[in-house]
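**Student:** Please find one structure pasted underneath; my questions will follow.
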Amino acid sequence: MTSKLTPPPPSRRTQGEHVVEKIVDAGTPQVSAEPTKADLAEPAVVLSGVSKSYPGVKALSDVNFDCRPGEVHALVGENGSGKSTLIKIASGVITHDTGEVTIGGHSLAGGTVRRARKLGLVTAYQDTSLVEELTVADNIALSFNAVGERRPADLDRLLARYDLPFKPTDLVGALGPGARQLLEVARAMSHQPRVLMLDEPTAALDMQYAAHLEGLIRQSRDEGVAIVYVSHRLEEVRRLADRITVLRDGIIQGTYSGRDWKVDDIVELMVGAPTDLEFPTRTKPHTDSNRLEVKDLGGQGYGPVSINVRPGEIVGVAGAEGNGQRALLRGLIGEKRSSGEVLVDGRSVGRGGPAAALDAGISFQSGDRAVESVYGDLSVMENATAQLGPESGPFGLALPGRLREAFGKVSKQLGIVAASPYQPISGLSGGNQQKAVLARPALRRPKVLIVDEPTQGVDARARMDIYRVLSGAADEGMAVLVNSSDSAELAGMCDRVYVMSRGTVVQEIVGPTTETEIVRSFVSAAGVDESHADQVPRDAGLVSRLMTRASSHFPIFVLVILMAIVAGYAGSKSEIFWTWPNLANMLILSLPLAFVALGQQFTMLSRGFDLSIGSTMSLTVVLVSMTLPDLSPGSLLATVPLLLLTAAAIGGFNAILIGWLKINAVVATIATTGIVQGIAIILRPTPSGVIAPDLGTAVSLGVAFVPAPFIVLVVLTIALELWLYRSRMGLAVRGAGFNPEASRRIGRGVGTIRAVGLLVAAFGAVVAGLLLASQTGIGSNAVGATYSLPAFAAVFLGGAVMTGGRGSFVGAVLGAVFLSLLDNVTPLLNIPNATEQVIYGVILLVAVSGYTVAQRIRTRR
């Protein structure tokens, strides 16, 4: 089907003119007699002459765009047309090269996301700016805190206002994609913005959720919000938009009024030529035998399910969001499957996961493209050929020549548009990324192809290309199983459709069908399901919350139990262990490690780390040996400022290398280690100098067997723990560690948070070095080197991870004390040093493995 109409000429309206064009079937602009209030209002956001270029690409060229209060202004165009760039410029995520952006009459020149949001512009992204490791309540708080506002007090009321199907205490990662998208949009709306920018808000939603969201958008428009609406679902655009702007190759093709456009006409404007929007012609299935057969499959969130797919057949899976469709697809490849059987050509497929399923002939392509399908740092060629197999080269090698040859063929076949095979896939549009993902089964030629949301977030032309890819795969004899929230897509593409509700198949639609029939099937089924909603036990929420909190601090419980076991055993074998001098000595020796672990924990929360802490401790000992021969006021006045300056210099230097120069943290802090260690050696080539003897005496003073510095450590640790889990800034640090990009999108300065973390790590190392100096009594240039790895071990025992966000200051200190406890008891029990090292390693592995299991439990709940 092709358009028979000629697109009307683009509008040449300038700011301040209020001529309203109505596009009629003849394609002739006419002037409306009565402008609406939105037409007469001053624009809430204006982009004037905005241009943006990247190496070799002109993303936007002299773009003029505005949106008025009380209107929905749709922005449409193919993937790669510049829509996302425009949104990010208006939102302050990226800066434009030329032109001007104004929000509410105020310029955004040199502005940031925070300034754009303070001026009243809030954006809801297609891939969301949510932190999945945090709860719904925490994510809402993050967004409000980022602009200096307190989150709404009654979150239950807020969620009920938008009719959202989850609770404030639910973990965002446990929500389905549709629920996450609804939360993203509702959170943006809850700010009551002047301008609301929606980037593909319904891409992950089924028909019911999409209709619900349309109602929310109309409500916001009626309340006077200026809404910029980006969507590839053009029927939605026609229903919602007061104006439509077409963007192609970074150039505005025109701005048009009215809602009586046909979808074909909008597409023609987007691509610049008539486009065939019909589904590909399909051939009949090759045989009546089953290629994929599923018998009573069950698992978390679905089952029992029995379905089959024949060679050459495309079978759809439909249902309201969250009724087990995605869980079923993952069960087919061995994930979270507890019962039933999957057979391919009569041969059983085990539960070995995606890799084993691929070996058995099942290729699965996830609907969560950004997280699970695309390797963002690799090239488009490397992504497309990721499942190539033996054809890539002998002995498991991937020969560049073979990869280029394979990619060259498949890129022409699928229409992948890239500057070169080596272009990073992150630089491609969503449609081209999805084509690159589908190139994998096209090259691998599996027996069964399973695709989740094949066209989510792609434009009309790419959508047609993907339909042809799936149709071609079926024509070659593959059994194709597709899950899609777009019922029209299933109706046009599939030979049969299984409708799911509450994790089971409730209907099979055979033969040609319609979108209406599919929607009616699962809407009526969902109505039955909803009647059971009140039968969920009320304690489930309490149990879930308790498990969530317990698993967050699970490492602390583990360490306390381990310490009790070790201490109890050592006390039973040695009379010396429980004596006050031994206990006091153990706590004193644990102080340097505990303080350096505190600093390391802080920087690891923000997804950083510092390998130079050991050399910083050594330099501190050297400096103290040169400036603190006694505890006189003069010596203290010389030492304290010098140590503070040293910490600031080392932490600041690391922050510049990592944050500003963008040097890898490993490389940067190893370089800093060399520099700092070299300075220490220059200052003290050999151990010498005298450190105030009274310093050690002062450190040992305290209450009973507990030294005063250890009491300070306990108070500081508890204060930091409360700050981390009870304060707005602590939440911001965890959010930046879990998901830096999400934090940037809501206006948090992730670079600043990481820089502060590196400074705190350096200060922790300097304090640890001072305490170590009190124990050595002499200036040694290498005494701190032995603390680097134990510091990492302590924070890992406390629950920290290299990927940031997780951890506990209490856990880190307990980890340090536990390691010191092992150091203390091994001589008392006559355990050789080599055996002690083995014990260290085993305990660390067991503890970290246990924490991983606890985190999986938390995520599932």
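The backbone N, Cα and C atoms fix where each Cβ goes, glycine too.
From TrEMBL, here are the annotated features:
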type	residues	note
DOMAIN	45-274	domain 'ABC transporter'
DOMAIN	277-527	domain 'ABC transporter'
TRANSMEM	554-571	transmembrane segment
TRANSMEM	577-599	transmembrane segment
TRANSMEM	635-658	transmembrane segment
TRANSMEM	665-683	transmembrane segment
TRANSMEM	703-724	transmembrane segment
TRANSMEM	753-773	transmembrane segment
TRANSMEM	785-802	transmembrane segment
TRANSMEM	809-831	transmembrane segment
TRANSMEM	837-854	transmembrane segment
**Student:** Let me spell it out: take the transmembrane segment (809-831), skip the flanking residues so only those 6+ beyond its ends count, and list any with a Cβ under 8 Å from a Cβ in it.
**Tutor:** 553, 555-556, 559-560, 562-563, 566-567, 569-570, 573-574, 576-577, 582, 585-587, 589-590, 593-594, 597-598, 600-602, 713-714, 717-718, 720-721, 724, 790-791, 793-800, 839-840, 843
**Student:** With a Cβ cut-off under 8 Å, give me the same-chain residues at least six positions beyond the ends of the transmembrane segment (703-724) that come close to it.
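**Tutor:** Contacts of the transmembrane segment (703-724) (Cβ under 8 Å, skipping residues fewer than 6 from its ends): 580-581, 583-584, 587-588, 590-591, 594-595, 598, 602, 605, 730, 733-734, 771, 808-810, 813.
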**Student:** If you count every Cβ pair below 8 Å, which range out of 554-571, 577-599, 753-773 shares the most with the transmembrane segment (635-658)?
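**Tutor:** By Cβ pairs under 8 Å, 753-773 leads among 554-571, 577-599, 753-773.
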**Student:** Have the transmembrane segment (577-599) and the transmembrane segment (785-802) got at least three CB pairs under 8 Å, pairs 6 or more apart in sequence?
**Tutor:** yes
**Student:** Cβ under 8 Å, sequence separation of at least 6 from the ends of the transmembrane segment (785-802): give me the contacting residues as numbers and ranges.
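**Tutor:** 553-556, 559, 592-594, 596-597, 600-601, 604-605, 607, 609, 611, 613-615, 617-618, 677, 768, 772, 808-816, 818-819, 840, 843-844, 847-848, 851.
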**Student:** At a C-beta cut-off of under 8 Å, are there same-chain residues at least 6 beyond the transmembrane segment (837-854) that contact it? List them, or none.
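**Tutor:** Residues packing against the transmembrane segment (837-854) from afar: 551, 554-555, 558-559, 562, 793, 796-797, 799, 819, 822, 826, 831.
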